[in-house]
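Peer 1: Before I ask anything, here is the structure I am working with.
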Amino acid sequence: MPFLKTTAPLLSLSVLATLLSGASLVSADDLKMTTIASGLDNPCGIAIQPDTGHLFVTCNKSVLRIDPKAPGKTHEEIVGFPTDVYGKGPKYNISGLGASFLDSNTLVVGGGGLPDGKEIVRFYEVGSTPGQPKKADDMKFKSGPIPPGKDSVRGEGNFYGVVPIGTTLFISCNGDDTKGWVSTIALQGGKPGKLTPTIATKVVTGVDAPTPVAKSPEGELAVGQLGEITVPHDSLYTTYDPASHKLTKKVKIGLHDITGLAFSKSGKIYALDFAWLKPEDGGLFTIKVDGDSAKSTQLQKILHPTAMAFAADGSLYITALGQPADSGSGMKGSVIKIEGLD
Amino acid sequence: MRTMKARMRSKTVAGMAVVAGAFLLVLSVANGQGTSGQSQAAPGAFQLEAPKGLDPVPVPDDNVMTHPKVELGKRLFFDPRLSLDNSTSCASCHDPKTGWSDGQPVSDGVKGKTGTRNAPTVMNAAYNYFQFWDGRSPSLEDQAMHPILNPVEMAMPSMDEVVAKLKKVPGYQEEFGKVFPDGITATNLQKAIAAFERTILSGNAPYDHFEAGDKSALSAAALRGKDLFFGKANCAACHSGPSFTDGGFHNTGVGMDRDNPDVGRETVTHLLGDRGSFKTPTLRDIARTAPYMHDGSLATLEDVINLYDKGGIINDQLDEEMFPLNLTAEEKKDLITFLKEGLASDNYPYVEVPTLPQ
């Protein structure tokens with residue numbers, strides 16, 4: 001029968017494609033995991049310097065520089081950050097949170113150590129090699145704060161995520177929980193403008209706490225809504241048009257508390273789940289979005305992961321708090337390198 | 001939908017895929033496999049429509065809604081024979097006349113015993129991630145047995161004894177037999193009660209009409225109150241979403257100034273951060289469910305607003321969302337107007353006490 005003769009091989013291919021499409025091409029067995037640094041004091045953010053590949057990790061009171069070629073060694077790049085306490089038990093001392101490079105020598109750090117309404121975004125000039133530690137207040141520029149007012153009941157703080165898209169810096173904020181602001185800073189001639197509440201993500205999505213932000217392969221702003229730490233499986237993956245700030249995608253991903261979001265060179269979506277209520281569920285996941293739904297697959301269990309970034313060679317670097325002390329400075333944090341992702 | 005004749009003409013692989021998909025869909029509907037496991041074609045299928053403003057009601061795949069099941073669940077809900085001395089039913093503490101709560105700070109059980117927490121409303125409990133103030137139950141089905149076995153509530157020694165009691169009632173033998181192939185069991189009793197509770201929904205309120213475009217649906221005072229709710233008064237930090245609850249747990253400080261306070265969620269999670277935290281309740285039809293808070297210690301909405309205005313009761317685990325609001329007297333009034341008028345359902349889910357099986 002002519003129909004079957006022509007369609008049989010096509011059907012075979014389509015069946016094969018169907019089988020493959022839902023399967024992850026990477027499994028946990030394919031990955032190589034290495035601890036690059038340990039004994040860190042609550043690492044919450046990570047940025048990779050474009051030219052050198054050095055890791056800049058925001059910790060309690062400081063920003064550390066780590067050369068991945070010299071694992072185990074850390075250098076205090078910036079010191080003396082103010083400290084705040086996050087959580088009600090367990091509790092974590094935190095300072096800088098989200099981090100990103102604008103260019104090889106300009107590091108942006110979202111603050112977490114000052115009260116809501118006083119928090120700022122800090123811009124630092126950093127060199128290609130380690131030098132004398134810089135003081136936290138020795139900033140090239142700063143932007144903010146967003147004080148209490150009509151946009152934000154008690155002002156903004158806890159700037160968990162920082163990402164530049166074009167000439168705009170997007171910062172996730174966790175001050176006013178009725179809005180869930182992603183704020184913006186316009187960059188002009190290398191200088192930052194005013195920190196401005198821009199996207200009310202909670203109003204738009206119905207879920208709390210914008211946390212990780214990233215630039216998607218399509219050039220959109222990707223935001224992970226963490227949700228309530230006391231509610232399981234409520235995190236969202238969302239995207240916005242960076243120019244109009246309109247929501248373009250909102251899907252439930254089944255994670256408890258998304259804290260990291262990154263895209264590999266091949267365009268795959270990777271996410272971290274802090275899993276506050278059930279730490280054994282936490283770790284590194286892939287997210288496959290299909291229309292209005294998504295499937296998350298755990299690749300690696302990691303205890304309390306906080307942020308991640310892909311290096312130019314495709315390696316993924318992840319910060320993790322580890323097991324906290326009863327309160328304060330855990331000194332159990334680490335930076336983990338994962339190879340083998342696509 | 002493509003016709004059979006159109007299907008026979010299709011020759012492309014893509015066309016065949018559409019045909020195959022459509023054929024499978026027809027099969028699945030005929031077999032009664034709708035979304036959320038809901039039977040759409042099976043006899044007695046219960047089409048659970050969410051009121052305006054609410055999301056589709058989540059229904060577990062292993063407890064589909066049918067009319068006979070819901071009716072059975074209703075009778076069980078109102079039946080005091082599920083208690084040790086035949087005095088107390090679910091409805092004793094979850095009374096449709098008092099907002100599906102009981103109008104008391106804490107509830108009375110069999111033999112005059114009293115509980116320690118305010119009876120939560122059943123309204124919109126279908127949407128809760130967790131049941132009870134401390135979230136110790138993961139589902140309506142599971143929750144149903146707890147009060148029955150609680151010595152200060154309905155005080156039955158075991159579910160086996162509940163089943164034995166029901167088996168002595170010919171009317172229940174018959175009704176269970178119509179719904180469940182295996183008749184009267186503890187699991188089936190819980191499923192029936194849960195199915196009934198899923199129908200107790202509050203939505204379709206002036207707030208929903210306003211959000212849908214009817215700008216006259218809220219009075220000027222309620223509209224000012226709405227703006228405060230989502231703004232200066234910070235209510236929406238926790239009372240968010242269609243049911244006006246984030247489903248999470250928060251410490252407002254209520255009760256934390258007492259000796260040996262009720263630590264709420266901490267008893268379940270054993271996390272210090274959950275000490276004194278209780279589940280955010282729905283605010284739908286909130287005017288009907290006084291008194292308020294997990295211990296019923298606040299008699300009126302005015303008392304509640306005053307608590308939040310002062311920033312709650314300070315304790316080591318006080319939620320960061322609790323801080324002095326500095327509301328004016330007029331703002332407090334407008335906020336309460338929004339709560340009372342704006343969230344009052346046009347179709348309050350009132351249910352008459354049914355005739356009980358004999």
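In case you wondered, yes, glycine gets a Cβ from its N, Cα and C as well.
TrEMBL labels come from automatic prediction, so no person has curated them.
Pulled these features from TrEMBL for this protein:
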type	residues	note
SIGNAL	B:1-32	signal peptide
DOMAIN	B:68-170	domain 'Cytochrome c'
BINDING	B:C90, B:C93, B:H94	heme c 1 binding site
REGION	B:93-117	region 'Disordered'
DOMAIN	B:220-343	domain 'Cytochrome c'
BINDING	B:C235, B:C238, B:H239	heme c 2 binding site
Peer 1: Which chain-mates of B:C93 (heme c 1 binding site) that are at least 6 residues away have a CB under 8 A from its CB, listed by sequence?
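Peer 2: The answer is B:S101, B:D102, B:S107, B:A119, B:P147, B:E153.
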Peer 1: Determine the Cβ neighbour count for B:C235 (heme c 2 binding site): the number of other Cβ atoms within 10 Å of its Cβ.
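Peer 2: Excluding its own Cβ, the number within 10 Å is 24.
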Peer 1: Counting other CB atoms within 10 A of each CB, which of the binding-site residues B:C90, B:C238 comes out lowest?
Peer 2: B:C238
Peer 1: Around B:H94 (heme c 1 binding site), how many other CB atoms lie within 10 A of its CB?
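Peer 2: Here the count is 24.
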Peer 1: Sort B:C235 (heme c 2 binding site) into helix, strand or coil using the DSSP assignment.
Peer 2: helix
Peer 1: I'd like the number of other C-beta atoms within 10 A of the C-beta of B:H239 (heme c 2 binding site), please.
Peer 2: 22
Peer 1: Near the heme c 2 site, what residues other than B:C235, B:C238, B:H239 in the same chain have a C-beta no further than 8 Å from the centroid of the listed C-beta atoms?
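Peer 2: Nearby residues not in the site list: B:F229, B:N234, B:A236, B:A237, B:S240, B:F244, B:T245, B:D246, B:T280, B:L283.
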Peer 1: Would you report the average pLDDT that the model assigns to the domain 'Cytochrome c' (B:68-170)?
Peer 2: 96
Peer 1: In whole Å, note down how far the CA of B:C238 (heme c 2 binding site) lies from the CA of B:H94 (heme c 1 binding site).
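Peer 2: The Cα atom of B:H94 (heme c 1 binding site) is 24 Å away from the Cα atom of B:C238 (heme c 2 binding site).
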